[in-house]
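Asks: Shown below is the structure under consideration.
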There are 4 protein chains.
Amino acid sequence: MKILIFGNTFRPEAALSALRLATFLQDKHVDIWIEKGFYDFLNLQNHAFPLVYQSFEKVPELADFALSIGGDGTFLNTAMHIGSSKIPILGINTGRLGFLADVADNELEIVLDQIINNEYFIEERTVLELQTTHQDWNPSSFALNEIALLKQDSSSMIAIQVKVNGEELNTYRADGLIIATPTGSTAYSMSVGGPIVVPQANNFILAPVASHSLNIRPLIIPDNWELEVQVKSRTNSFLVALDGRSSVFDQPEILHIRKAGYSIRVVKQAHHTFFNTLKNKLMWGVDKRTEKSFNA
Amino acid sequence: MKILIFGNTFRPEAALSALRLATFLQDKHVDIWIEKGFYDFLNLQNHAFPLVYQSFEKVPELADFALSIGGDGTFLNTAMHIGSSKIPILGINTGRLGFLADVADNELEIVLDQIINNEYFIEERTVLELQTTHQDWNPSSFALNEIALLKQDSSSMIAIQVKVNGEELNTYRADGLIIATPTGSTAYSMSVGGPIVVPQANNFILAPVASHSLNIRPLIIPDNWELEVQVKSRTNSFLVALDGRSSVFDQPEILHIRKAGYSIRVVKQAHHTFFNTLKNKLMWGVDKRTEKSFNA
Amino acid sequence: MKILIFGNTFRPEAALSALRLATFLQDKHVDIWIEKGFYDFLNLQNHAFPLVYQSFEKVPELADFALSIGGDGTFLNTAMHIGSSKIPILGINTGRLGFLADVADNELEIVLDQIINNEYFIEERTVLELQTTHQDWNPSSFALNEIALLKQDSSSMIAIQVKVNGEELNTYRADGLIIATPTGSTAYSMSVGGPIVVPQANNFILAPVASHSLNIRPLIIPDNWELEVQVKSRTNSFLVALDGRSSVFDQPEILHIRKAGYSIRVVKQAHHTFFNTLKNKLMWGVDKRTEKSFNA
Amino acid sequence: MKILIFGNTFRPEAALSALRLATFLQDKHVDIWIEKGFYDFLNLQNHAFPLVYQSFEKVPELADFALSIGGDGTFLNTAMHIGSSKIPILGINTGRLGFLADVADNELEIVLDQIINNEYFIEERTVLELQTTHQDWNPSSFALNEIALLKQDSSSMIAIQVKVNGEELNTYRADGLIIATPTGSTAYSMSVGGPIVVPQANNFILAPVASHSLNIRPLIIPDNWELEVQVKSRTNSFLVALDGRSSVFDQPEILHIRKAGYSIRVVKQAHHTFFNTLKNKLMWGVDKRTEKSFNA
């Protein structure tokens with residue numbers, strides 16, 4: 001068995017988890033490869049790491065699993081590296097529970113045993129792809145959560161003209177527009193009023209940020225529909241952010257957004273259903289205000 | 001060709017439209033059948049209606065089209081009568097443009113000509129079905145827009161326990177819960193903050209009415225998922241409304257909600273896309289406030 | 001010192017708290033009067049209550065404090081009885097923390113000692129008054145949280161025409177309209193999207209329930225402005241609810257809503273500021289989702 | 001009589017309006033002074049402007065009125081120049097109706113006659129003031145609409161710690177926080193879900209932009225309360241925008257926000273009440289969707 005390790009290079013806790021992980025997997029004779037950036041971070045942390053582990057810059061083929069140690073942000077970064085290679089990813093949170101990094105650090109050994117014993121399931125997550133006409137996009141043109149088109153600092157508002165399957169949908173006048181996957185429905189899109197979409201729904205969400213028109217609402221479309229987007233701003237430039245990795249674009253630029261040809265495969269424990277994560281993360285059922293009203 | 005006519009029995013304009021319709025279709029040698037309630041209303045209006053038309057109470061099989069004259073409410077009522085018979089429905093609005101009744105009264109003749117000449121397309125619309133355990137539901141257990149579970153007047157709040165495919169989702173503490181189709185996404189569900197869902201998306205929306213918990217959001221699920229719902233209230237009773245047709249239910253009652261075995265077929269003119277109707281109905285692109293901000 | 005006791009007549013815990021309270025206050029030689037309904041409930045609970053306590057139906061004048069044992073609903077009921085008598089109310093919660101019932105049951109003795117020693121402050125809370133033209137309103141025409149005008153079960157929507165200081169404001173087409181005080185801003189009004197208004201702000205909130213128009217927003221006005229409201233519904237009747245006490249009204253009826261001539265005086269502990277209660281009740285600062293995003 | 005003219009230097013229509021204005025006021029023997037930037041713009045437009053008019057850079061004292069020709073953005077700019085000088089401002093819109101620029105261009109002469117004849121009223125509008133500790137703010141530290149604290153392009157989120165009158169309120173984790181006046185309640189604050197506040201209400205609004213916590217709501221406080229704000233971001237910098245004029249700030253910086261010592265005086269026609277402008281701008285009462293539901 002060959003396992004890839006990715007991790008948050010800002011959290012010392014991630015290094016400690018990685019160390020425990022390494023010790024545990026060594027006993028199981030698992031072949032461990034550590035992503036270069038995280039590998040360097042681990043060495044800097046001065047934990048005497050066994051030398052038997054390899055580092056890599058480009059994701060090696062034929063790995064069985066990738067482990068992401070950190071939070072949801074680290075998971076997004078891991079997913080970017082994994083790309084279309086189909087390697088299933090397990091998200092371990094070193095801090096608070098995440099939607100993607102939903103394995104608690106202290107359950108690490110139990111969950112790895114389950115994985116080694118084939119006790120897990122795979123959830124396929126849709127990915128968005130961005131295609132540009134004039135400008136290149138680096139380092140990846142794929143997003144697991146969302147593609148956001150946003151005004152730049154100096155601009156007061158942008159006009160985002162959206163065509164869906166060639167048909168004019170609307171010109172959003174707003175601070176921005178978020179195109180999100182179901183995975184992204186609980187991230188940035190939710191902060192601007194977007195609905196929660198279960199991972200199994202084949203949808204994209206279009207949710208404006210601070211729309212200047214009051215009768216605009218988040219829109220749900222099938223995920224096999226394609227978008228063509230043009231942005232106009234006074235400053236002639238705007239931001240494009242894929243899972244938070246942002247870059248400046250200049251007008252005129254035509255952006256094509258569609259479902260990617262691959263999906264990200266997330267490793268889930270048997271009881272880690274989406275509904276359970278929702279309840280834990282959003283504290284459904286524990287709102288203090290709720291109770292009083294019903295009990296008077 | 002055989003055409004069924006339904007109409008709003010409160011609007012005199014609907015009678016005038018029906019009269020024009022009858023005169024026009026007579027020349028085309030179309031066989032016209034008028035729904036009994038509307039037929040009686042027409043007679044009361046004292047417009048000398050030709051006697052050659054038939055009335056019906058039960059929808060006759062083998063009709064080619066149904067025309068609904070009124071608004072979206074009249075269309076919902078027509079759809080209830082049409083049920084699983086697959087007869088395509090054309091919605092004619094005698095007042096303001098509707099999402100379903102989207103043919104203007106003054107375009108009546110033009111559109112009928114198009115239909116007779118086969119110049120139209122059919123949009124399939126998902127239908128919800130309600131199955132109850134203890135109590136019967138009349139007159140129909142199907143809904144084209146939404147099924148709403150609501151508190152009764154005397155109750156201050158209800159607790160709505162929802163299972164999705166057998167798994168516990170949440171217990172909503174609210175004034176109510178709306179389960180809507182894409183068709184219903186622009187109706188009651190939208191009034192409580194639900195997103196717009198295009199008719200081609202295979203989804204249901206779960207949107208609470210006045211949720212007492214602030215971190216509850218509208219939820220989008222695939223439309224082949226099944227719901228089991230139980231409602232608890234202080235008064236031991238609650239309301240169930242299918243497309244606005246409401247009835248009182250008593251606890252304990254287990255409600256099963258799923259996609260119906262049939263869909264409603266809506267007749268659409270070539271240019272009457274969902275996006276066009278959205279723009280017209282919600283006045284996208286004409287918000288007065290928008291413009292100034294961009295032009296300073 | 002003379003203290004009045006009100007309590008929730010559905011919660012056995014309220015009886016236990018009342019018993020502890022009675023024992024404690026007896027030692028302090030405080031004169032205790034118990035509201036008749038709660039008095040009867042206490043007797044039914046078979047706790048051997050000392051006979052020295054008096055019961056009352058009409059609030060006796062010259063009392064020093066009123067204690068409300070239950071939740072926010074019990075507090076609202078206590079406030080209704082206290083009315084314009086200016087007696088300060090202390091809210092004790094026997095279950096979860098309330099916005100009004102913000103003294104935990106287990107702090108009872110500590111807080112009463114503080115009150116006896118004059119270590120507390122008084123927060124004045126604005127009250128709404130309803131004046132009707134044709135129909136009487138019972139048992140009280142005053143509300144501490146909100147006055148809500150709501151559709152009845154059988155109606156699909158109502159039209160609520162509102163004049164402010166004689167000037168036409170809007171005709172809301174909705175399930176209802178809530179006119180709330182700052183105190184009510186964290187209750188029903190919040191469930192329909194209303195903002196939080198601090199108790200010291202001299203405002204009323206107008207917040208529609210399920211507005212059919214998308215460009216309607218909650219409205220904040222000075223609390224010395226007066227409202228004149230007329231409701232139209234298909235069924236010719238509608239509901240009026242004052243702090244949840246609802247009653248059916250028939251058209252035509254002109255409702256006048258204004259600030260009452262008195263305010264409710266709430267007893268607060270030194271550290272029980274509104275912001276602290278907000279943080280505790282709405283769990284500000286403990287949202288699990290928040291943390292991950294910032295820590296990645 | 002002495003009148004100051006400000007105008008939008010991007011709209012040729014503004015030049016045409018200014019020309020009509022000049023011609024009209026010349027006949028009335030009114031002394032006209034034109035703001036330097038607009039004056040230069042007018043000259044560039046090659047309309048033969050009479051030479052009798054003066055230009056100014058610093059607002060001359062003892063002027064009777066200021067006219068702002070453009071949109072609400074132009075009005076905000078005019079207000080910044082007018083500052084504490086108490087000169088009443090009339091807003092003329094050369095495009096669509098504004099909340100501040102609410103005089104239609106084609107009513108120009110009629111309204112000026114009314115003003116000359118003293119047929120108008122003055123609405124006082126509260127102004128916000130920003131005081132910084134380390135960095136200077138240019139060109140003005142006052143805002144008529146709102147002060148917004150916003151993340152910079154490269155940051156994913158900021159933490160905005162707010163104290164109100166010295167008491168800790170909340171640490172907002174969001175894209176930003178808007179502190180708005182009643183005047184600003186229909187501008188940026190409304191785009192992020194803030195309520196409408198009538199100009200006569202003595203309030204400020206605190207409304208977060210894309211809050212990561214779902215149970216945060218817009219907050220209404222009295223306008224004599226003072227805010228102390230600290231912002232933390234990963235990039236150690238953030239944006240501060242006063243009425244859209246934005247500037248980059250570096251941590252650590254303590255911002256003090258309070259009501260300014262002066263208010264802006266807006267000239268209003270007799271029938272131009274706030275409610276009328278609301279109805280016109282937000283199209284209350286003309287929502288197409290509304291009607292159908294009620295008429296079925």
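The backbone N, Cα and C atoms fix where each Cβ goes, glycine too.
Here's the feature list from TrEMBL:
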type: ACT_SITE; residues: C:ASP72; note: active site, proton acceptor
type: BINDING; residues: C:ASP72, C:GLY73, C:ASN145, C:GLU146, C:ARG173, C:ASP175, C:THR186, C:ALA187, C:TYR188, C:SER189, C:MET190, C:SER191, C:ALA210; note: NAD(+) binding site
Asks: What is the maximum Cα to Cα distance, in Å and rounded to a whole number, among the residues C:ASP72, C:GLY73, C:ASN145, C:GLU146, C:ARG173, C:ASP175, C:THR186, C:ALA187, C:TYR188, C:SER189, C:MET190, C:SER191, C:ALA210 annotated as binding NAD(+)?
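Replies: Farthest Cα pair among residues binding NAD(+): 30 Å.
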Asks: List which of the binding-site residues C:ASN145, C:THR186, C:ALA210 have a Cβ under 8 Å from any Cβ of chain B, in sequence order, or say none.
Replies: C:ALA210
Asks: To the nearest whole angstrom, state the Cα distance for the pair C:THR186 (NAD(+) binding site) and the residue listed as 'active site, proton acceptor'.
Replies: 11
Asks: Just checking, which of C:ASP72, C:ASN145, C:MET190 (recorded positions) has the fewest C-beta atoms within 10 Å of its C-beta?
Replies: C:MET190
Asks: Taking Cβ atoms only, which of the binding-site residues C:ARG173, C:TYR188, C:MET190 fall under 8 Å from chain D?
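Replies: In terms of proximity to chain D, the binding-site residues that count are C:ARG173, C:MET190, given in sequence order.
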Asks: Select from C:ASP72, C:ASN145, C:ARG173, C:TYR188, C:ALA210 the recorded positions whose C-beta atom falls under 8 Å of at least one C-beta in chain A, and return them in sequence order or as 'none'.
Replies: C:ASP72
Asks: Applying a 10 Å Cβ distance cut-off over all chains shown, what neighbour count does C:ALA210 (NAD(+) binding site) have?
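Replies: The Cβ of C:ALA210 (NAD(+) binding site) has 22 Cβ neighbours within 10 Å.
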Asks: If you run the three-state DSSP split on C:ARG173 (NAD(+) binding site), which class comes out?
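Replies: Reduced to three states, the DSSP call for C:ARG173 (NAD(+) binding site) is strand.
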Asks: When the Cα-Cα distance from the residue listed as 'active site, proton acceptor' is computed for each of the binding-site residues C:ASN145, C:ARG173, C:TYR188, C:MET190, C:ALA210, which gives the smallest value?
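Replies: That would be C:ASN145, nearest by Cα distance.
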Asks: Can you check what DSSP calls C:ASN145 (NAD(+) binding site), collapsed to helix, strand or coil?
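Replies: Looking at the DSSP assignment, C:ASN145 (NAD(+) binding site) belongs to neither helix nor strand, so coil.
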